[in-house]
Every structure is written in C-alpha cells, then in structure tokens.
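Working notes for the structure below.
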DNA sequence: TTAGGGTTAG
C-alpha cells in the first residue's frame, strides 16, 4: 500500500533504489572548508580590528559582525563584544541593543534583557516593534506567555505600535503551551493574518489531533488568497501523517509539487520518519535516495530517523551501518543520534553496549541530556541493575542535565517494585521540593505500587488528590485503581468507579475489562461477569 | 547590522 502511494507520488518518477549505506560522492555534499570555529574566530578578529581603528567606524559595521555571530548562535561572544564597545565609550545604536536583548533572551537572562530595554528608553530611543517582539519571544520561550501578553497590553496602552512579527510570536507562544484556543482567539482579532500565523495554528491543531479544523483553516487561507508556502505543506504533511491520514498527507505532497514548491530537507525527513514509524524501512530508504537525486542533502535528522526505524524493526546492524554512512557523508552525529542508539540497544537488551556508547559520546564531546540519562536509567532499572541506575540518578543531582518528571518517575517505579513504598513517597516529596511536578504517569506508578503493597488507603488519597488538583485521570490510572479495589474485594466500589470513569468519557480498554471480569468470577458473581464479557465483545475489544 | 512558523530520541 505504501509502495503504491510512493509510486503515485510525482516526486518519484522512478523509484531510485539508492544503495543505502554507500557514501555519496558528490561535491555538493562535501563539508564546508571553514569550520564553525574558524568562522567565529575570524568574526571576532575582524571585530577587534574595527574596535582598534583610530577613527571609530560606523556602528552598523560592528552590527554586521554581531548579526553574523547571533545567526551562528554565539550569544556569549556577541554579548562580550558589545560590552567591549561600551567600555571603549562607543555607544551602540538601537539595532545593536536589540541584538543584545536577543542574545540575553536566548541565554534565558531575562532580567538583563529588560535592563537593556530600560537603557533603550533612558537613551530616548523610541522602542520599536523589533525590541518588543524580541522581549515577547524571550518571555514565551521561558513559558511566561501570560507575562508576554501583559507586556503587549502595557505597550499598546503606552501607544507603541506592534506588527505581524509580534503577533506571530504571541500566537506561537500560546500554541506551544497548549493554549491553541486562546491562540486562535488572538489570531481572529488581528487584521491582516499571515501565512505564518495560519501555519502555527494548523500545526497545533494537527498535533492536538484536530485534523478537520486544521483542514478548515487551510481551505480558509486558500479562499482568502493567502498562499500556503513550503512550511504550510510540510506542516500539513507531517500533521496528517501524525493523525494517521496518510492519504491526505500524500495529497498535500502532490499539491505542493504541482504548485512548483520544491520539497526541502524537512519534507523528506518527515516522509522518512513517517515510513520508519510504519516500519516500512525500504520505503524510507527510497525517500533518502530520491532526496539525494534531487540534490537535497540529508542531514542529521534524516539519519537519526532512519536509525530509529531500523532499531524499531530489530535491525541494529543496519542502524550501525547508517551511523557509518552519515559519518562518511560528513554529517556529525548529535545527542539524539546517541540517544536513539542507546534506546535501540536497550530495547534489544544490550545494556552494556548502551553504557559504552554513553561513555563514547562524552569522549566525542557530545554531552548526554536528560533524555540520555532517562533512557539509560530506565534500561538499568528494567534489567535489575538498580544500584547503577541510582548512581546515574545521583550524578544528575544539582547539575545539568537536571532530572525531570520522567527521571523521578522511573526511580519511584523501581522503589515501588521493590516494596520500598515509604522511600517512594519520600522521593515524591523531594521531587516536588526540587520544583518537578508529578504527572499522571507518576501518580499511576504510585497508585499501582500502593495497591500492590496493600496500602489501598494511600492509593485512594493519591487518586483523590488528582481530582482535587483538577486533573483528569487517564485509562491507566483508573485501571490500576479499579484493580486495587478488586484485589481488596471491594467490588462494589470498583464498579462505582468504573461507571464514574465511563461517564467521564474515559472508556475501558481490554485490560480494565479483564480485571473486572476475573474479579467478578472469583467472587461468584457469574451473571455480572458475563454481562461485562458481552459488553467487551460488543465493543470489539477482543481484536 | 536587529524581531516570526515546520522534521528525529526517553
């Protein structure tokens, strides 16, 4: 089915069977002669030459170099160079101060960014939309979207004029914290909605599984004459693959090509990943071949997606070959490459090899992040190497990368499984103390642990606490609680909770049914058990 | 010379 789709896909005039793991000899794909470091060093020495000229050169000459460094994400360097200018008595213009704010925001030094903003106002510069947009983005990136909206309201009252960039940033900020509804409301108040705004909303709607609404917005933009661009199509292709409507995704791929929009590295990567997720590795490889033929250079994302796909289908050898192929092509592995390999090895129960990679990456100056630690910790716990898992957990204490909700949940889980329930609760307390909030997953682990350890009351308290805090338990949480009640012979309470769960719209899965049916049979309530059995059949859950 | 959107890992 997938093959026939790709044959129809007009990008593939002939399915090029790309020899998967051979390095590609193509001058276009050679790595750059200048390394990032030497470009950075050249920029700094040019800057210093300007700084030491007898007559101060025009400020925008400094700005050009600073802008280049910011594009290279060398924020600390840019900040230090701007400081040097000020020390020499050279006053920066508004553009350079905006750059400075941008750097501070990227480094999450918001108070410093706002002090630069104060300096701008003090110097009598008219704070412009660029300054405000940069600050708004800084706030949004830190998750402080409410504050960003407040800043927006404040500057509007003060008479500042904002533009499309500011609104794009606000809409994006709202969307990325899951406030898509609020994002759409804001979007509807704006005159002159842009392609970028539509792209952000379509993306959020698809990621939240609202394909109809997303399609509606796409049609709306077309009707209004707002042209979908490359990113619109990539977003639609990715999103419709995500919600399982692959035919629609391919429809957009054809539409984009017929509108003369050339697929880029994102498009191909989305397709490679989609095929890999469907375990269609042959198809994924074909996409790689097509992209190479189209002179689009595969990047680290292309190879990472492909490697993950090979691990999913249990072909670790092929994944390793992809790893060598990427190196041959001059594509450097990143932290995700290693995380994918570590995860793949753990899935295949090769924990020692995973630990070796953990050391290898550090020797290559690729530093493990929270995901790396979580993957390894979970693997070590699941294979009974608990003291090693604790060592890694303690290694994270008080430094980067920091333990997150997944790290804590893994350790709480291992404590529960080893019947150390008090220690599990103590760790829950510590995690809260460190500013990490437990989620539904953590709660489910604890409820399950308490029930298995005969501490039903504790389990019920945790479960009730979820409701008190306004959370909606998911099917797993309900199921472990129902199972705990059944285990203690409290069948009536279990059935009351079952009804409550179904009424809330959370529908039973096969595991929930099995637990209830077996408890009813055990309690000689055969009639009720049969009723539940028939209900399970009628819901087609046996499939 | 300064501000906005899309892809891969637990």
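A Cβ is built for glycine as well, from the same backbone N, Cα and C atoms used for every other residue.
As annotated by TrEMBL, repeat 'PPR' applies to A:93-127 (among others). Across the repeat 'PPR' (A:93-127), the prediction's mean pLDDT works out to 92.
The DSSP breakdown of the repeat 'PPR' (A:128-162) into helical (H, G, I), extended (E, B) and coil residues amounts to 26 helix, 0 strand, 9 coil. What TrEMBL lists as repeat 'PPR' is A:128-162 (among others).
Among the features that TrEMBL reports, repeat 'PPR' is placed at A:194-228 (among others). The residues of the repeat 'PPR' (A:194-228), classed with DSSP into helix (H, G, I), strand (E, B) and coil, number 26 helix, 0 strand, 9 coil.
Summarising the annotation, TrEMBL assigns repeat 'PPR' to A:229-263 (among others). In terms of DSSP helix, strand and coil, the repeat 'PPR' (A:229-263) has 26 helix, 0 strand, 9 coil.
The annotation repeat 'PPR' is assigned in TrEMBL to A:264-298 (among others).
Secondary structure of the repeat 'PPR' (A:299-333) per DSSP (helix as H, G, I; strand as E, B; remaining residues coil): 26 helix, 0 strand, 9 coil. Under the heading repeat 'PPR', TrEMBL lists A:299-333 (among others).
For the repeat 'PPR' (A:334-368), the number of residues in each DSSP class (helix H, G, I; strand E, B; coil) is 26 helix, 0 strand, 9 coil. If you look up TrEMBL, you'll see A:334-368 (among others) marked as repeat 'PPR'.
Under the heading repeat 'PPR', TrEMBL lists A:369-403 (among others). For the repeat 'PPR' (A:369-403), same-chain residues at least 6 beyond its ends with a Cβ under 8 Å from one of its own Cβ atoms are 335-336, 338-339, 342-343, 346, 349, 351, 354-355, 358, 361, 410-411, 413-414, 418, 431, 434, 436.
Taken from TrEMBL, the feature repeat 'PPR' covers A:404-438 (among others).
Positions annotated as repeat 'PPR' by TrEMBL: A:439-473 (among others). Listed by sequence, the residues of this chain that lie at least six past the ends of the repeat 'PPR' (A:439-473) yet keep a Cβ under 8 A from its Cβ atoms are 405-406, 408-409, 412-413, 415-417, 419, 421, 424-425, 428, 431, 480-481, 483-485, 487-488, 490, 501, 504, 506.
Sequence-distant contacts of the repeat 'PPR' (A:474-508), counting only residues of its own chain at least 6 positions beyond either end whose CB sits under 8 Å from a CB of the stretch, comprise 440, 443-444, 447-448, 450-452, 456, 459-460, 463, 466, 515-516, 519-520, 523, 525, 536, 539, 541. TrEMBL lists A:474-508 (among others) with the feature repeat 'PPR'.
Long-range contacts of the repeat 'PPR' (A:509-543) within its own chain (CB-CB distance under 8 A, at least 6 residues past either end) are made by residues 475, 478-479, 482-483, 486, 489, 491, 494-495, 498. Annotated repeat 'PPR' per TrEMBL: A:509-543 (among others), in sequence order.
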**OP:** Could you pull out which residues elsewhere in the chain have a CB under 8 Å from any CB of the repeat 'PPR' (A:128-162), counting only those six or more residues past its ends?
**Re:** 94, 97-98, 101-102, 104-106, 108, 110, 113-114, 117, 120, 169-170, 172-174, 176-177, 179
